[in-house]
Amino acid sequence: MDLSRHAHRKDEHLSLAEKFYTPTAASQFDQLRFIHQSLPEISLTDVDFSTQLGPLSLKVPLMIEAMTGGSPRTGVVNAQLGRIAAATGMAVASGSQSIALKDEQAIPTFTSLRENNPDGLVFANIGAGHDVRAAKRAVQMLAANALEIHVNTAQELVMPEGDRDFHWLDNIGNIVAALDVPVIVKEVGFGMAQETLQKLQHIGVKLVDLGGRGGTNFVDIENFRRHQKELNYLDTWGQSTVESLLEARQQPDLQVIATGGVRQPLDAAKALALGARVVGSAGQILHSLIKTDEATTTAMLLDWQVGLQTIMTLLGTTDLTQLRQQRLLLSPELINYCQQRQLTY
Ligand SMILES: Cc1cc2nc3c(=O)[nH]c(=O)nc-3n(C[C@H](O)[C@H](O)[C@H](O)COP(=O)(O)O)c2cc1C
């Protein structure tokens, strides 16, 4: 594809993600409830929410998920996201580096993420069609601590210029075997089911980002870019973030990042209680950055951390292992989902 069109697409994604942003998400966190504990017998300062993702230690179990890079405007956003990550101690992922692998001029729009977050955790990001050489180059470009490989069939198929061939599994297996940083296989908002997770585990994948339905919706975004909305019927496609978490519980050896429609610390706490090691957010952070500014967005994410500590205190859980032992109440709809999918909770 023409490189200037590719860069333009990156700008359109930012604008359209914001156009379709809604304050309430359909990720189904509202269909889960914690049980309040009146006598938690801990103090807020006892709470330690540090977490482990493969070999990586994260001070904070929240991360800024993959969004952008590839055009001058998105290079500025990556610089902002890098500074926000550094100020909040959160890991941050780059948007797909595909364009920078084809055009060296685009590289600075990605490296601004690392330059502004020299000591933090930065994850590189490529599509699942790239080979081992490209994967290594993407990691090296950002001195990345991990590589995300996104799997985005629904987005590609709705995108007029998107891929139509999806033989990815062997390629992902080769990258996992060849890289010396952890590899995370990541959905982009359509969720993952047991069948997918089993296939990934079979080829040696240990880390996944479930990227569930309910937040940023790439069917809406790509449909809008088509200027014809004939694929609108796919806009509820996929498993919600909560459904994906329930699916992933059946593969306890996989470590999970939960992303998709996270809007507030209570959503994050529920995702962590359902088994996520880390909770990611993209659309909400972008919305804050566009509607307010970098300082306000940094403050929001620091507030999320205090909010998470507050919820863990209410539950009497001093760490994430204890939080994972909390049993949530599921709505009848989620119970029905578990029954039909034969998921145990
Ligand atoms: C503007 C924008 C661009 C995105 N670009 C990428 C990308 O390049 N690679 C990727 O893996 N995910 C990408 N995503 C998907 C997010 O990382 C995330 O999986 C998805 O948006 C669901 O999370 P959310 O509901 O918090 O936005 C993008 C999301 C947004 C909002």
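Note: Cβ is positioned from N, Cα and C throughout, glycine not excepted.
DSSP assigns LYS10 (substrate binding site) to a helix. Look at TrEMBL and you will find ARG9, LYS10, GLN155 tagged as substrate binding site.
Per TrEMBL, FMN binding site is recorded for ALA66, MET67, THR68, SER96, ASN125, LYS186, THR216, GLY261, VAL262, ARG263, ALA282, GLY283. Close to VAL262 (FMN binding site) in the fold, though at least 6 residues off in sequence, lie ALA25, SER27, PHE29, GLY215, THR241, ALA268, ALA271, VAL279, GLY280, SER281, GLN284, each with a CB less than 8 Å from its CB.
Feature annotation from TrEMBL assigns Mg(2+) binding site to GLU156. Neighbour density for GLU156 (Mg(2+) binding site): within 10 A of its CB lie 20 other CB atoms from the protein chains shown.
Sequence annotations record features per position, and here TrEMBL assigns domain 'FMN-dependent dehydrogenase' to 151-327.
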### Task
With LYS10 (substrate binding site) as the reference Cα, tell me which of the binding-site residues THR68, GLU156, ALA282 is the closest one.
THR68
### Summary
argmin Cα dist to GLN155 (substrate binding site) over the binding-site residues ALA66, THR216, ALA282 returns THR216
### Query
Using Cα coordinates, what distance in whole Å links THR216 (FMN binding site) and ARG9 (substrate binding site)?
16
### Task
Measure from the Cα of GLU156 (Mg(2+) binding site) to the Cα of every one of the binding-site residues ARG9, ALA66, THR68, ASN125, ALA282, then give the nearest.
ARG9
## Note on the structure
Taking ARG9, ASN125, GLN155, GLU156, ALA282 as the binding-site residues, the residues having C-beta under 6 A from ligand 1 are ASN125, ALA282
